[in-house]
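Report on the structure given below.
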Ligand SMILES: OC[C@@H]1[C@@H](O)[C@H](O)[C@@H](O)c2nc(CNc3ccccc3)cn21
């Protein structure tokens with residue numbers, strides 16, 4: 001059984017959330033609509049027609065939620081700022097919205113919890129989407145202005161910042177598969193959005209260097225361990241290619257100032273345009289990568305598929321999301337990222353959706369305790385293998401709005417009874433409290 005003291009001194013143990021998934025109060029104190037407000041209110045887009053209108057009502061209950069983090073013993077908390085709450089039209093400042101984040105940051109600091117802020121966790125102001133959103137190259141300058149303002153407003157107290165959460169999801173789920181807002185289904189658009197997301201990231205890093213001299217800034221990507229789903233040699237090659245299409249596509253430009261050549265070829269061979277501008281800005285040096293790790297992805301060679309591969313389900317035990325539980329993949333990807341990019345790493349998300357049932361006031365989520373413990377063991381193994389991992393954030397503090405799945409998936413270590421907004425510690429929260437004392 002691993003102990004907290006096995007980890008390096010100063011290692012951060014935290015939990016993570018995102019604005020649209022927990023805040024609610026979507027029209028309070030001047031907040032403007034985001035693309036997720038529009039998307040979730042569009043019939044058929046989310047499970048049961050669920051929306052983030054109320055969510056966990058964190059906007060009003062943030063003090064209670066900070067107390068829960070303090071009692072569990074976390075020393076860090078990753079959360080995101082709702083761009084449309086602080087700039088309802090994407091540009092004009094709404095001071096009441098800004099003041100919520102001032103209050104939240106002060107509450108965290110008073111409880112010795114280090115804030116990690118994500119500037120963009122998918123809730124683009126709808127007004128900017130109406131100007132083309134991530135398809136409009138101007139978006140990079142709107143994002144730079146938003147980032148600059150937040151750095152000046154909170155940078156005196158917040159020294160750890162993440163520009164974007166998972167640009168792969170924003171681009172490919174938002175513009176190719178259409179599962180996420182704004183719900184487009186166009187691969188060329190996904191490539192354009194991906195490039196503008198990376199440009200926006202680079203501009204924000206440049207602004208950060210001007211505004212927060214003593215801070216650290218990074219980018220959080222979803223990191224998938226891609227493996228062949230059958231024994232054919234062509235599937236082995238396909239896995240290597242998909243790794244470039246998903247992982248390297250959002251890491252290489254930021255460090256090397258270019259897209260991975262093998263992946264560019266896949267798109268160009270299919271007549272798609274790959275953008276090449278602004279790599280100087282995109283590769284403005286960063287201080288760390290955030291790693292969101294959940295599972296592995298199995299792919300097989302499939303010439304009938306537009307990109308030459310298809311996903312296959314694995315045979316390992318799965319979570320409620322249908323994702324295989326595969327801690328080894330975390331170790332593998334931490335070593336891979338260290339070898340390829342040589343940057344400090346924070347695991348900014350790791351966790352599972354479980355069949356969490358409230359029975360006699362308790363949620364016995366032993367499966368989640370095992371998931372966390374097994375993944376922490378792999379983090380420790382990676383650190384002992386020389387990987388510079390500096391923190392681990394559990395997704396998530398509490399059950400929340402799980403995007404297209406609505407409230408049907410529970411990732412929290414704290415159960416939320418949405419009918420009463422009562423927070424109920426799951427067994428995993430009690431386990432973590434003991435672990436963090438060990
Ligand atoms: O789904 C759980 C969380 C989600 O609530 C967070 O907002 C988001 O940052 C997040 N990213 C992942 C991993 N992304 C992923 C994307 C495609 C396939 C498998 C995993 C999981 N999660």
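Heads up, the Cβ atoms here are built off N, Cα and C, so glycines get one too.
Keep in mind that TrEMBL annotations are predicted by a computer and have not been checked by a curator.
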Binding-site annotation, TrEMBL, substrate: partner of 21, 121, 165, 395, 402, 403 in 267, 294: 294
Neighbouring C-beta atoms (10 Å sphere around the C-beta of residue 395 (substrate binding site)): 24
Other CB atoms, at most 10 A from the CB of residue 165 (substrate binding site): 24
Residue 349 (active site, nucleophile) versus residue 166 (active site, proton donor) - Cα distance in angstrom: 11
